[in-house]
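Record features, source TrEMBL:
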type: TRANSMEM; residues: 35-55; note: transmembrane segment
type: TRANSMEM; residues: 75-93; note: transmembrane segment
type: TRANSMEM; residues: 113-133; note: transmembrane segment
type: TRANSMEM; residues: 145-164; note: transmembrane segment
type: TRANSMEM; residues: 176-198; note: transmembrane segment
type: REGION; residues: 280-303; note: region 'Disordered'
type: COMPBIAS; residues: 286-296; note: compositional bias 'Basic and acidic residues'
type: TRANSMEM; residues: 393-411; note: transmembrane segment
type: TRANSMEM; residues: 470-490; note: transmembrane segment
type: TRANSMEM; residues: 496-515; note: transmembrane segment
type: TRANSMEM; residues: 572-601; note: transmembrane segment
type: TRANSMEM; residues: 621-641; note: transmembrane segment
type: DOMAIN; residues: 670-894; note: domain 'ABC transporter'
type: TRANSMEM; residues: 1111-1144; note: transmembrane segment
type: TRANSMEM; residues: 1215-1236; note: transmembrane segment
type: DOMAIN; residues: 1308-1542; note: domain 'ABC transporter'
Amino acid sequence: MCAAALEEYCGSIFWNTSYLDREDPDLPVCVEQTVLVWIPLGFLWLCAPMHLVSLCRRTQMSTKHLSKIYLCKQLVVSLLFLTAIATLAVTLGEDFGPIKDPPSTVKNPGVFYANPILYAVTWTLLMLCQEGVRRREGSVDSATLFVFWLLLVLCDIFPFQTLLREALKLGEISDVPRFCLFYISFGLELIALVLSAIPDIPRDAEEHVKKNPEAGAAFLSRITFNWFNSMVWKGYKQPLVQEDMWELNEIDSTSYINKRFQNILQSELAAARVRYQKNLKKKRDGNRDKAQEEACKAGLSSGLGKGVSQDVLMMEEKGNKKDEKKKKKDKKKEKEDYPNSWLITTIYKTFKWILIESAFFKLIQDLLTFASPQLLKLMISFTQDKDSYVWEGYLYAVLLLVVAIFQSLLLQQYFQRCFVLGMKVRTAIMATVYKKALVVSNEARKESTVGETVNLMSADAQRFNDVTNFIHLLWSCPLQIILSIVFLWLELGPSVLAGLAVMVLMAPINGLLATKARNIQIENMKFKDKRLKIMNEILNGIKILKLYAWEPSFQVQVEDIRGEELKVMRKFAYLSSVATFIFSCAPALVSLATFAVFVGVSNDNALTAEKAFTSISLFNILRFPLAMLPMLIAAMVQTTVSRKRLEKFLAGEDLDSDIVRHDPSFNSAISICDGSFAWEKEAEPMLKNVSLDIKPGRLVAVVGAVGSGKSSLMSALLGEMHSTKGFINIQGSLAFVPQQAWIQNATLRDNILFGSPHEERRFQEVIQACALAPDLELLPGGDLTEIGEKGINLSGGQKQRVSLARAAYSKADIYLLDDPLSAVDSHVGKHLFEKVIGPNGILKDKTRVLVTHGVSFLPYVDEIVVLVDGVISEVGSYNSLRANKRAFSEFLDTYAKEKSNHTDSESARCQDTTDVELIPEREDTQPDSPLEDAVSFTLKRESSIRRSQRNGSVRLRKNSTLKKSEDFGELKKGQKLIEKETMETGQVKFSVYLQYLRAMGWGYSVLVFVVYFIQNIAFIGQNLWLSDWTNDAVHYFNKTYPAWKRDTRVGVFGALGVAQGFFVFPWLLNNMLRVPMVFFDTTPIGRVVNRFAKDIFTVDEAIPLSFRSWLLCLLGVLGTLFVICLATPFFTIIIIPLALLYYFVQRFYVATSRQLRRLDSVSRSPIYSHFSETVSGLSVIRAYGHQERFLKHNEITIDGNLKSVYPWIVSNRWLAIRLEFLGNLVVFFAALFAVISRDSLDSGLVGLSISYALNVTQTLNWLVRMTSELETNIVAVERVSEYSELKNEAEWVTDTRPTEKWPEEGRLRFDNYKVRYRPELDLVLHGITCDIGSTEKIGIVGRTGAGKSSLTNCLFRIIEAAEGRILIDDLDISKIGLHDLRNRITIIPQDPVLFSGTLRMNLDPFDKFSDEDIWRVLELSHLKAYVSGLHEGLQHEVAEGGENLSVGQRQLLCLARALLRKSRILILDEATAAVDLETDNLIQNTIRKEFSQCTVLTIAHRLHSIMDSSRVMVLDAGKIVEFDSPSNLLEKQGHFYDMAKDAGIKSEDTSVL
């Protein structure tokens, strides 16, 4: 019916099959005039409204510049409009024009009027659309218009050839005007198509497009990622650096994502909290009833409970802790005790549009996947049926290509969206975690360490990133599985179920292996963590290990753990080889099962080529979702863990902002009204019933014994504690100097300015007042010197002064100073008090609260607050408190010998604590401080933060810390780091691969290759057998199929399949076992081993895997090409150009991608380090109120990382789309040649070659990935081997061994001794010559950087002499082994370093001494009471870095170590720096008593401690300037006299001592 109407409308036949049933098919003219016109126009009319909308909006855009391209586009459309009018005119002329010779009664049919009018209206509409596009904000072209032009040109190709063919057949043109007009308009349409593919970039956007080419990319360039070419080209020519990265799109930037995410998060979290409260209430009601029942029962037994002693309570507490651990394990059983299940919905609501878009792409792509097998089927039947027309074959070939191209484009768009979504989710989580960390309360902070919080940001956010990349597979996998099964059923009927059964059975086996493997991995992680922890400690305490010659004991520990680790890895190797075996047999077994059942069920079932190869390609489709689903589910499970952790952290309590009020009606600066403050809500208050009133402009000192609550008082004033009652009122802004200086990784100037504007005069004033001027001269870049993490290149005193300078510069109203004078030398302390804090300092008009131990400053303060056990015992001025004779005068009497001058010198000694950081604190501020400290430090950080991180950056950070100090002035940081790294790369040298193979053994490497090769041959053989089998169907057509033949077919097919698996298995196993050992053996353990955290992992696990995959991929690609050439020999011609193309794409990609990966690593670490820095300096940031600034900084750092992550994502898509096009060409040519030579081919081979080709795309893609991954990973080998060639320190034991008793007397002689830290640096000691007699007590003094510590380093040969020598008892120490030397002299180091392990191990790692000896030294070092009070006594576990002991206790333990060794020479490296007065006295007395028979060298910062020594050595700039007894030196009035004067020591003091 419809056709008849159309025929009348066209005036010709609409459809007739005879058109297609011939050698040269064509479409009827009527179809060309109707359907082919309506398709493109309909598309445009549908899309027009969205373009016209922007015309209706009243915007100022109309003034936008009219570009040339825009004018050209409009011109072309106007010309087209004219052609449409002309065509209409022709028709009108023909029908109503002047009458021709014979008047024609036949009028033109309707279509000749309708089409030109349709076109004319469309062209008008199109001009409006183009104007709409021009006005749209930020658009450079229009996708819909491009598609419209493309459709139009494609549809017009049919009439194009119809008209031509007709003209050629007749030899003349029948309808000249229409013929001409059609070709003119066709030409114009082509021009319009080209124009619509060119971006039209407005003038004002040109700059932006330079910085971000994506913004100026046209539709075609966007779908093929052509806009990325410039980056790839640049990366190919030279390694990319951070400066080459493009700007981010607005919607990808952290601030934009974070803003949206926060909005939704707030409402979701609020809702979750409400739900949580409801549940709690229900529970409580339930519990109340239970509790009442229990109370009745318990009433009987409560009588006994009254007399429980303290000890039992203690035990119970321990028991409870154990229970808690158990509870943690039973976590699954208990409900979460925080608002839960809101994170996922928040993520979904924030990013739902991207999700929906990508789902749409994925759906269409999935459906297209199933078109290829159907086309393959048609293709095979075409080759079998010799009567079918050739054009059908070409049509199928082209269709295969078109379907494949569509599939590629859709798939890449889908991936692009998913990966960007993953990136955004990670960003949102990181930003949110950071924001939360700034406001989190103390209880919530207690629950997780800094490391765990950093982990939330790194590991957990990354996990979400990885899952969101593949989230759509949740529905896409089942869909693919269902569709495959449906199509297979249509092919083979019920026998599909056999194959399916095999697959389904494989799944649980694989699942079982996977869980097994995961358990082994967890076990492995445990050992790895243990190994790293020990490594970490060794590196942190490397100096102590060397000084005490303890390396062997730790080496044994590490080797034991490594041994365990390898055992576990061996298990893992067995497992993974079994898994691989199963995996490589699977496809063969599946097809075997199916075909065997199919053929066996009835004799009529012949296996034809169409059936076999269609089903094989369907099985291939099926493999992917079946493999992915379990992996996806496992990933989801892991993410749930992350989700819980994140939800717990993000839903935690915020800090109460209303603890501290700011009520201006009070007349005092600080007032606390009857307040009690606790660290946690339920805890006992630390400060009880505190009332305090401080008037503006006063200087108030807070004193008290250690642990009396001085620091807690500060925290309370900052609002960091819970107030259980009372309140605090503070007027004005705060500045805070914490007890442990918090230094940022920034320049010195930035540390002091702390976000305030720079005013040179004020800055200089502060620098002078804080005594930083001399230090600035020593630092290489002055105040622009970059300070390493946690202030690594500053000494403790400098850090404290910088921290004080920060406060002094901040123009606050109230200054809270938590013992800032403790870490500095006495004369500096005095200077700081006078110039900054005291009555005449630069802060004299401000309110100052000073916590101090410095007795000498107390007379100058306005008011003193005395704390005893968290209670204020008295308040008043110095004199009134002295008169009271209460707690304060006791405090004074303990410490101050009545002489007031004396108190001065004591002043800065009384120190509560120094940095807990474990870096040996050097006073040498020169950057040439011993190399290992900087490295060990960097590495320590590395291992904790970057477990999650990819490509080797350990090397890089190492360089950064050391380089920084040398190259300050001229460089920007980022650049240097990266260039440094790149020198290693470019392409990895071939020799490295050879080295790797050599490590495995040559014969072995060849064997591997052969085995894989055979496996591949088995695979190809199996498929050729199949194609031969399918030809049987043709031979035995309509005959019965002999059973013997059937059985041999099935048998051989199966045998070949299993053979593949057998070949892989042994190889793999071997590979897994061989590789790691070789490398670890080449590595001296005492080496800075952290390089091995990541690299040994790579060598252990990653390289064997990527090497294997690479080989498999390579052989897979070669096998495919071989099969295609076997089927269609023509194909060999095409291979060479394709291979070249492939090679270029691959080279370009690998260069760029590798560098982007590296940049990602490099730019990732600042995010985490800034975060951990923030967490550790929270109280300071909050005190100054700088949260916003830090949030901003965090956004900038994350953006810096996204700038390299985003191009990396795009580079993968860029590569994939190019390789898929290559793969699609392979398919196309395989099909094309099959059509060309179809007469000589049998259908089985055609099926084989095309089904192979369909698979090649994936393999090609993988091959490039694997090559690049292998290159990246093999660098690890290069680095590991580089480490095994590092220069070692001298031998531990040499042939010349000293006598057992050496040194008997303990005489020391320095003989023109010179030393430098590294060959390229200046001397640190310039020719020291001196004699020290037996049992002399020598004090060594000098200003920071004079070389005091270097002197001890030389005695222990931590640094070797440049010239000169040191003799101990006339034996040259450079001649004996290091361990002999170091075992015979003892040092009490500056920083008390402890290792995790038992107390006993810390004192005596080699178990040389008996328990009695150990208890004896503990008694001498005043620790006996403490240790015997411990539950486990000597077996008490010390936490990492000794964090469960107080600083004083650690120092006493170090003393105990020295007492235990009891050698004749003792070196004291100013051990008193970190101890309060009591401990200090204990140590001094013990040393005097116990070491009276020894030679003692004391390196002093506090002159007071060496006034009783027999002689004093004064060092200055590496030379001895004075060396004599203290009294003589004071009389000489030289250097020593000046220092003593600063410290307030006069000559008569010496007699007092």
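Quick reminder: no glycine exception, Cβ is built from N, Cα and C everywhere.
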What residues elsewhere in the chain lie close to the transmembrane segment (35-55), defined as a C-beta under 8 angstroms and at least 6 residues from its ends?
27, 115, 118-119, 122, 125-126, 128-129, 131-133, 135-136, 142, 144-145, 147-148, 151-152, 155-156, 158-159
Would the transmembrane segment (393-411) count as touching the transmembrane segment (470-490), i.e. at least 3 C-beta pairs under 8 angstroms with sequence separation of 6+?
no
May I ask you to check whether the transmembrane segment (393-411) and the transmembrane segment (1215-1236) make contact, with contact taken as at least three Cβ pairs under 8 Å and only pairs 6 or more apart in sequence counted?
yes
Tertiary contacts of the transmembrane segment (1215-1236) (same chain, 6+ residues out, Cβ under 8 Å)
224-225, 379, 382-383, 390, 393-394, 396-398, 400-401, 404-405, 408-409, 411-412, 415, 1120, 1124, 1127-1128, 1130-1131, 1134, 1138, 1141-1142, 1145-1146, 1149, 1153, 1246, 1249-1250, 1252-1254, 1256-1258, 1260-1261, 1264
Which sequence positions outside the transmembrane segment (176-198), separated from its termini by at least 6 residues, show Cβ-Cβ distances below 8 Å to it?
69, 72-73, 76-77, 79-80, 83-84, 86-87, 90, 141-142, 145-146, 149-150, 152-153, 156, 159-160, 163, 167, 218-220
Relative to the transmembrane segment (621-641), which of 75-93, 496-515, 572-601 accounts for the most Cβ pairs at distances under 8 Å?
496-515
With the cut-off at Cβ under 8 Å and a gap of six or more residues from its ends, the chain residues touching the transmembrane segment (75-93) are 108, 112-113, 115-117, 119-120, 123-124, 126-127, 130, 177-178, 181, 184-185, 188-189, 191-192, 195
